[in-house]
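Going by TrEMBL, these are the annotated features:
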COMPBIAS  A:1-10  compositional bias 'Polar residues'
REGION    A:1-21  region 'Disordered'
TRANSMEM  A:34-55  transmembrane segment
TRANSMEM  A:67-87  transmembrane segment
TRANSMEM  A:117-137  transmembrane segment
TRANSMEM  A:144-163  transmembrane segment
TRANSMEM  A:183-205  transmembrane segment
TRANSMEM  A:234-257  transmembrane segment
TRANSMEM  A:263-284  transmembrane segment
TRANSMEM  A:291-311  transmembrane segment
TRANSMEM  A:317-335  transmembrane segment
């Protein structure tokens, strides 16, 4: 054994000189991390600029507000699924959580339950559904796409059974109507709800121990467990967050159309939500995703939808465009990981 | 040559039926039992007319499930089956409308499906995208394209021969069932008698070992997804022939139906294990269940519920069966974290 | 090379008869996961290793843990390239690009991790990737004939249609050997073939190996079982510290002389002995068992002492540690921490109650590589850093991380850089650092200095010594005998899942410990 004291491979500045240089390194690190989100914002800006040039009626104040209003429900649901994606899972059940929550809410309100109580019940039921998916996935060791696909069909069936497959009109004049149509200082309520959700999601992810747990578990489940992090709580909890936020989103949609719709969402709905999260830079390999990115991703998706409507192209093209988007996002992600040697 | 038989006590205990045969006999036995049970309990179930309808329905799911089985054997999943079926249905109708002979239109439909399958395969094999994500993406594209092409409405324009092919039968055996059996036979031959089968199963069983000993893992993956797309295309065209229409969403339920058929047929979702004909039996079983529920007047929604639950239960049973083995192994070695 | 015992590699025996496989002065740098050499580090896995294998001999390759045997046979088998030196097959110098190329040249390695596909049949595995076809169809009868013939040459019969995972370990090994034989192997390298075999199974295996020897194959046997070496081998090559000590005729050696050749590694002066007196028992393990991995292990660790856990790789040391922290579940036995029975507690509860665990596999278990150094260091403190357990204070988190970084002298540009960008020694300090925020009563280190530069080692030793001086107990798994003797107060040696002996570090030496580690005879395991 050679005994010459070796030099460390990564040489570092002598410990005295921490200060200006270390700070600048820190900022460089922070900025390099923000690059994907900044890139997305630039992309959105370019999209809006292009749309303003080429799409008639696009650059019109009320249309822009409209885009934000339409983005609200997608932002909320996509933030939910981001938590599942962060731990390397997937939630295919979202689409039928929409229809199911909508039907349950309408039935309760129709039956005379006070709206706040009805909302609470809907959220609680969604949380239970999420917990079941999470528990089957984590403790049953069943792949997440199977449990949540199964849950998709189960909730879909429940929604059909409760509603007999028919839309249920809400009684007029409930506070749900105000929720959907009202504004505060000219800002639509739904936009405020979405913004509030985003702020809370950001706080949870970046400023709470639970958020740290989620990221750590997503990056390395084994090391997290051996460090004493509550892996089960994370693995089940993220599915509950996903289902509850999907339910919040469904409540907003129900308020907008003023009826309980069993067909709200569907697999297309699931698809849209996951696309928003992925376009927003959430890694499908786990561990990486930002609230800002997901918010921008959802707005991008809705902007494209808005343009398709304004250009009077068949709205049916929408889903294909989303499919292409998700694949592009995937390829970008895979290539980036490959460069880092991260996959496998 | 002196030959001393290796006979450890453990080896003696493990003798008897080969596991594959035992597994197959178990599934076949269960199928017969369930058939007898349904025949006894459900009126009109065992009538020839009913059987014919049931088999025709099962055949379409079985064709899709056969392709999917290959993908699952490699350790992946193909969620795009339903989207491909819808899209191919519409394409078939469009081709027939343009004067293409119906059988050629079906072949073109299969090729269209294969193209989607190859795309899936490339995403999975080269970019290493998790299969459920890649195929979920192509599901979105194909389902969306179907909606777009059809403009949201079903289209009807089929020659009489094609409708006859989709609904006719000889001796109560529907043509579609014969088609499914032919597909099964061809696939079973290719899987059983060429390198392809061994390559497929070893890729799903232990990809690392397969690559190490020189199995062309990437090519095998692409072939599996391509076959799944091809057969989803065939199933989509057959469905159109049966319904004599092409609706933009008529393929959608078949993603779940095909997965359910495989899972109920005992194909291991972790790859490496499963038989083609058991997946077909799974399709027949599910069709029988649905048929029996229909005859009993059970609502279609409840049927979805039953299918959803059945999948979870079936996977749970295969997984916890494996879980028991892992617990035993865990006594010997420290447990490894399983990342799903 | 400064060690007094590290003599120039001996090349005796190369003269006659001609060797079928030989290697001269092979040098191998440390390599990363992809097999690329890590330059710029002083770690050399092999520092000049030579061997010459004759046809018709069983050539034992022995040495302590970490002597470099596994790396060496990886080079011989073509799995990794060497940076310097020469490998020759029948006197012709060769460069193996891959294991496949090595196999084509007649060199087959039977690894401990078999390259068999578990859910496929024996027949399918025999020709996996190299199936025989006729007109594009599998020629089953030809493959069956050749498989049967290969197995018959070994003198065994195995049902070719059985699934691999239904075979016993020795049967799987025999399938691997038969596969090598079918491809006309001239040299067979066996990597600890009997490590997981029962006595009966090992006898079967050696019957096969002796049969091959009579057929003039060259056989390299890597093993820790000296009785096997003496019973079956003709010559022995001893490795130590990545170099060959020499090649000897088995007849001229005794068990004792062999052990003397294996030990005697240089005792560095860089160990840091803590200045502490052993106090009350922190950890009491009684009759802890888990299958065959750990069998009725009982140990005690006291406050203020370092207890080393020695043994061969696979002796059950890591498994015992995992049982103590609750990462795996024990089938029997009790664990007490400061007198409290914690046997039924979950992993998290045990860690919170004062056990710190720094696992062996740093990259996959010790740190989260893609996470920042700061978050890795504060992992155990997120809840205590937040107000009412809800909102974290980023400022306090950064302060905590920075104080740990300066205390542990972790070399970082910024606490926000990913742990993956640090060197091995610094990563290890991060893995340890997270346990230092709140003092634990017991620290378990599993191979704390593996893959760590010599210079960084001393700092780790000082760190461990510091913990003990503050009243903690330390349980340290180590395969490095000088480290065991230099750092610990007491040593437990594990052998085949059992505690084989307990020694005061001051009153023992390397050869005594090594004797305790090496298995005497094959374990007779019921079931």
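Backbone N, Cα and C define each Cβ position, glycine as well.
The recorded stretches the transmembrane segment (A:291-311) and the transmembrane segment (A:34-55) share 3+ CB pairs below 8 A when only pairs 6 or more apart in sequence are counted, and are therefore in contact. The transmembrane segment (A:183-205) and the transmembrane segment (A:67-87) are in contact, since at least 3 Cβ pairs between them lie under 8 Å (pairs 6 or more apart in sequence). Below 8 A, the CB atoms of the transmembrane segment (A:117-137) and the transmembrane segment (A:144-163) form 3+ pairs separated by six or more positions in the chain. Counted as Cβ pairs under 8 Å, contacts with the transmembrane segment (A:67-87) are highest for A:234-257 among A:34-55, A:144-163, A:234-257, A:263-284, A:317-335. Comparing A:34-55, A:234-257, A:317-335 for CB pairs under 8 angstroms to the transmembrane segment (A:263-284), the maximum falls on A:317-335. Long-range neighbours of the transmembrane segment (A:317-335) within the same chain, counting only residues 6 or more positions beyond its ends whose Cβ lies under 8 Å from a Cβ of the stretch, are 268, 271-272, 274-275, 278-279, 281, 283-285, 301, 304-305, 308, 343. Long-range contacts of the transmembrane segment (A:234-257) within its own chain (CB-CB distance under 8 A, at least 6 residues past either end) are made by residues 72-74, 76-77, 79-81, 83-84, 86-87, 89, 91, 93-94, 97-102, 105-106, 119, 122-123, 125-127, 129-131, 133-135, 137-138, 148, 170, 176-177, 179-180, 190, 193, 197, 210, 213-214, 217, 264-265, 273.
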